[in-house]
Protein chains: 2
Amino acid sequence: MPTDFAKTRAQFHLPEGVIYLDGNSLGPLPHAAAARVAGCIGQEWGEMLIRGWNKAGWMDQPSRVGDRIARLIGAEAGHVVMGDTLSIKVYQALASCLQMSDRKVILSDTGNFPSDLYMAQGLCATLGDRSLKTVAPEAVLEAIDETVAVVLITEVDYRTGRRHDMKALSARAHEKGALIVWDLAHSAGAFPVGVAEGGADFAVGCTYKYLNSGPGGPAFIYVAPRHAETARPALSGWLGHEAPFAFDTDYRPGRGIERMRVGTPPVLQLAALEAALDIWDQVDLDDLRARSLELTDRFIAGVEATCPGLTLVTPRDHARRGSQVSFSHPEGYAIMQALIHEGVIGDFRAPDILRFGFTPLYTTFEDVDGAVAVLGRIMTTGAWDRPEFKTRAKVT
Amino acid sequence: MPTDFAKTRAQFHLPEGVIYLDGNSLGPLPHAAAARVAGCIGQEWGEMLIRGWNKAGWMDQPSRVGDRIARLIGAEAGHVVMGDTLSIKVYQALASCLQMSDRKVILSDTGNFPSDLYMAQGLCATLGDRSLKTVAPEAVLEAIDETVAVVLITEVDYRTGRRHDMKALSARAHEKGALIVWDLAHSAGAFPVGVAEGGADFAVGCTYKYLNSGPGGPAFIYVAPRHAETARPALSGWLGHEAPFAFDTDYRPGRGIERMRVGTPPVLQLAALEAALDIWDQVDLDDLRARSLELTDRFIAGVEATCPGLTLVTPRDHARRGSQVSFSHPEGYAIMQALIHEGVIGDFRAPDILRFGFTPLYTTFEDVDGAVAVLGRIMTTGAWDRPEFKTRAKVT
């Protein structure tokens, strides 16, 4: 049975008068998340108190939820665990990889999230004898050579929406004796991801974007089964210990993916995520991809027909596109503020990118047409050219 | 005006038929936390969507809440920030200290949380040329010498409730040219802490114990003003960057304590914490300490009078006591299960410790007397000696 996207949309709270095209930055509220968190607070924390760790299953929640993420990213069950933030998970993955290699270089590309690059820089500075090398996104394949310990790649570029070829880059990395870490922040929930098939050694991602877990929702980490029992966690936390409640003074890594846990899991944020995943259980990822491409194609065609001043920076080629569309314009910031003022919410990424996320779970063709109409009007009338649209907010 | 502890107690949900003496492991639910989180979900996430980062103040929440923690731990305003878990904050603090020193040793004690020791071990294994040395708690002062880069001490022993002398150990560390990191997990909210006066270089702690932020509540980190602009964060995250939304590819640490932020803050968990802190705003910490000592003294006297088989392991000396009381018994696990079965909730810590937390915000003298009566009956009748009380749960 094909996925019923009208039914999935009805499960989200979408504010009146808003066309929301920023679900690639923060997904909207699933109606059920409010009740789910309220239950976690009232019936679990309130009534069970400390007993919630056993009775409500809080202790196993990171791996239980991880198994639900596994389906969405094409991972083997039992090899994904939740916790912390994406930055922490990037650090864990990179540190484990460096520990497995005598080589000195982390390779990434200039289209990667700065946040990922920062974590790599911090790790290199801490270690002293390793360094981060970045090349242009299109030069990554060629740059993977025998000096590279680990390749750190975000599958979909957060600015352009350009998608890397996971299989090709992973294969090249392995051919050259390197490991590869995939950041799925703009992939998980955006299209069917295949970390096992794609050869990822580690994969990491967040859940508050396409997966709709809410602000500050926990991250996930995948470790390929071939590394699960050998990867050494640099962040060797209590809950990643073989026997946390033995209170031994020496660390011994837990079984498999469990060792990638660090501290106490964020139980309230995980409850919200679980409610969001109930919607994902109703979704066929191939249907999702087909719909995503229809939505993004329609938006590209509409904007190009009405806004000649905007330049498409997202690949037209479906195979190279995530689930967002970006245009550039020197006044991109002001144009986006004008759009938001009119109820069309996308976002801006420095220096000049207007970014629009398309999320079939709740984005409709009417949303696309409505957004195109508003954007066309703003560009035609120059309505963005007002001082109040040019004042930068703290968060863009 | 003295603190009205009847009024603070009324602000918590305390289940019927339960005497809760485990607030040093997970504090109970403040009534207001449920409404606060519901508002954060419904009005902020639901209605503001991505705009919540600015409009609801999510982006500044970690330092805004950090300032409220600062009062409770005697820190200078503007030098505490929230985020991540305690384990991550331990790692950040230790890594920063090691970066400031050419010495090779992290010194801690065998009474420290295993979780802290594990993080130190992971950091040492990652760095390769540093090592963790542990000595008995009473031997720490003497063990601080010129080989020590950093001393990592948990102020209150999680098993015994024994309190270290912050001023004396900090002074000794500085005299020997070492830095000192204080873990306040069992201090913050247990009594007035003075990190500035006590000479701490860094301090870290969690909020889900005495501070009542709920399961998985965020941690905090304090960096002394003298290090604030020079400490180098190993976990150099996006939100600790000088200009996160410039999306530069090179990391530059943010101003002062901001650089200890890593990834996206856990907004829902922080909302629960903020509600809990509204109760703390009504509390004078000297009143809290006086009441805590009355409660713990009364419990010690009551148990010693009725349970000769239990051995007190908590110091009688007020200056050396946190806000918990522990007794040892070879059958401690079963005795604690029998107690919990009777509605008196404390916890067990391997190998033989019965642990009881006393939290004046909601623990009454009637609770103490009730717990003594139940424990006395269990010990007198041998009611703990049943197979079902000897089966170990996953979380103890």
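Numbers run from 1 along the shown chain.
For all residues, glycine too, the Cβ spot is worked out from N, Cα and C.
A TrEMBL annotation is a machine prediction, not a hand-curated record.
Following the DSSP three-state reduction, the secondary structure of B:H186 (pyridoxal 5'-phosphate binding site) is coil. Sequence-distant contacts of B:H186 (pyridoxal 5'-phosphate binding site), defined by Cβ-Cβ distance under 8 angstroms and a gap of at least six in the same chain, are B:N24, B:T154, B:E155, B:V156, B:D157, B:Y158, B:G161, B:K209, B:Y210, B:G322, B:S323, B:Q324. The feature pyridoxal 5'-phosphate binding site is assigned by TrEMBL to B:L86, B:S87, B:F113, B:P114, B:S115, B:D116, B:T154, B:D183, B:H186, B:Y208, B:W238, B:T264.
What TrEMBL lists as N6-(pyridoxal phosphate)lysine is B:K209.
Using a cut-off of under 8 A between C-beta atoms, the recorded positions B:L86, B:S115, B:T154, B:H186, B:K209, B:W238 that neighbour chain A are B:L86, B:S115, B:W238. The DSSP secondary structure for B:K209 (N6-(pyridoxal phosphate)lysine) is coil. In sequence order, B:L86, B:S87, B:V90 are the residues near B:S115 (pyridoxal 5'-phosphate binding site), counting only same-chain partners six or more apart with C-beta under 8 A.
Annotation for B:W238 (pyridoxal 5'-phosphate binding site): same-chain Cβ neighbours under 8 Å, separated by at least 6 residues, are B:P244, B:V262, B:G263. Its own atom aside, the Cβ of B:F113 (pyridoxal 5'-phosphate binding site) has 23 Cβ atoms within 10 angstroms in the protein chains shown. Once the Cα atoms of B:L86, B:S87, B:F113, B:P114, B:S115, B:D116, B:T154, B:D183, B:H186, B:Y208, B:W238, B:T264, the listed binders of pyridoxal 5'-phosphate, are compared pairwise, the greatest separation found is 30 Å. All protein chains considered, the CB of B:T154 (pyridoxal 5'-phosphate binding site) has 27 other CB atoms within 10 Å. Just so you know, the Cβ of B:L86 (pyridoxal 5'-phosphate binding site) picks up 29 other Cβ atoms within 10 Å once every protein chain is counted.
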